[in-house]
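> Features from TrEMBL:
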| type | residues | note |
| --- | --- | --- |
| DISULFID | 94-109 | disulfide bond |
| DOMAIN | 185-509 | domain 'G-protein coupled receptors family 1 profile' |
| TRANSMEM | 167-192 | transmembrane segment |
| TRANSMEM | 204-232 | transmembrane segment |
| TRANSMEM | 252-272 | transmembrane segment |
| TRANSMEM | 293-313 | transmembrane segment |
| TRANSMEM | 409-437 | transmembrane segment |
| TRANSMEM | 458-483 | transmembrane segment |
| TRANSMEM | 489-509 | transmembrane segment |
């Protein structure tokens, strides 16, 4: 068989006698023209002839020498040159079809191909990465080894990669729950029987505030234990649930719990410091304070902290805090996580089909997360926004981003919270500076010893709390000003320094733990 027409001078003989490639007008003639015999056919060294269509066709038709494939242009040579397929057209390279038997024509296509780590299949279209479906048998297209390269806490296998931090989550959680539970039980027993125990109003007010502090610190322990359980339950395959975990309600609840705990704790410390300072400066007037006043102060800490913790979850502030949305599987986006610019572009395309020129469209008012999600669902009910990634979705630990810069969405809110905490810390330090100021006291040995013991406990308390909060605030200010801090500093700050007060506060503000240990031992 031979074609009636052929393309001249394209490097691939089609005519039987190869005249389409061996014309003088083709310029420099390829190697196979020199092997043309008297009949116009290609003559192999083995002394048999081949028609033009078998030259440069990717197969060694000259069985021994394979010279019918020498000097062919626009061909890709397969790595396994002894295989049946010797070469393929260059247009067949990186076309998502393995034409070489060893698949070498698809082996160096990193711009468009993702190569499955387990090798089954050899590759998938790079557009199918992170689309929520396992295209590789081992799921590596959803969890490449380097996908968590810049992560502070996580790896593809573990939610909390560091073994040290895994242990510390449990240690800090157990200490926080155990110590604060003991304080809560002891303090409630004091308050329930304060008439029989003849507690003063000052002691009752103090006990109410300590109870408030312990409840807040107990929540931090609950957060840590829940985090430890989740980390252990996802060990070995965390990557597969990373997006759904960080964008899900459980993660938001844990993040809210952590912020609520830390803010109530710090506010209660400030109130306790104020109350102690008031008792020192005006000891007589302090006895007139009513118990319901301390309860009101305790409630106010939860209202203020709750406002801070829940604002990022409000739909009213969705545009300010949400960075991405997690979409159900659809043909329009290559990944299941879509950012605002990409979603906006898609929504504009949808609106262009509808030819909607309303003022809301012109002003861009339709391009909010909620409205764009509705547009997608209206376009096809099967496609929808499953969840959103926002304030509590930055890391797998569900903590908000402690250290921000101007590139972060919602940095003004985070920085305001940090400045507020910094002011509270400075106030606590100032309050205890007033408390420590030399005063005239009864110089009896008992009073002096009691005063020294109280001052020692206060000194330890102030040192530990300020040693935690002040560095956190100062590091936040440094990073905001452009100073680079390693991920190790961040991870230790979030897992150890931030919650450590919740474990240590019971040791300094109440003797319940000491009493518990005394009874046990």
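Placement of Cβ uses the backbone N, Cα and C atoms for every residue, glycine included.
Each of the listed features needs to be described in terms of its position in the shown structure.
Annotation for residue 109 (disulfide bond): same-chain Cβ neighbours under 8 Å, separated by at least 6 residues, are 93, 94, 123. Under DSSP, residue 109 (disulfide bond) is assigned to coil, being neither helix nor strand in the three-state scheme.
Looking only at the domain 'G-protein coupled receptors family 1 profile' (185-509), the predicted model's pLDDT averages out at 82.
Under 8 Å from some Cβ of the transmembrane segment (167-192) lie the Cβ atoms of residues 160, 199, 204, 207-208, 210-211, 214-215, 217-218, 220-225, 227-228, 231, 495-496, 499-500, 502-503, 505-507, 509-510, 512-513, 515-516, all in the same chain and six or more residues away from its ends.
Here the transmembrane segment (293-313) has Cβ contacts under 8 Å with residues 204-205, 208-209, 211-212, 216, 252, 256, 259-260, 263-264, 267-268, 271, 275, 321, 390-392, 400, 410, 413, 417 of the same chain, all six or more residues outside its ends.
Away from its own ends, the transmembrane segment (489-509) comes close to residues 152-153, 160, 162, 165, 168-169, 172, 175-176, 179-180, 182-183, 210, 213-214, 216-218, 220-221, 223-224, 258, 261-262, 265, 269, 272, 395, 397, 399, 402-403, 457, 460-461, 464-465, 468-469, 471-472, 475 of its chain (Cβ-Cβ under 8 Å, at least six residues beyond either end).
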> CB neighbours of residue 94 (disulfide bond) within 10 A?
18
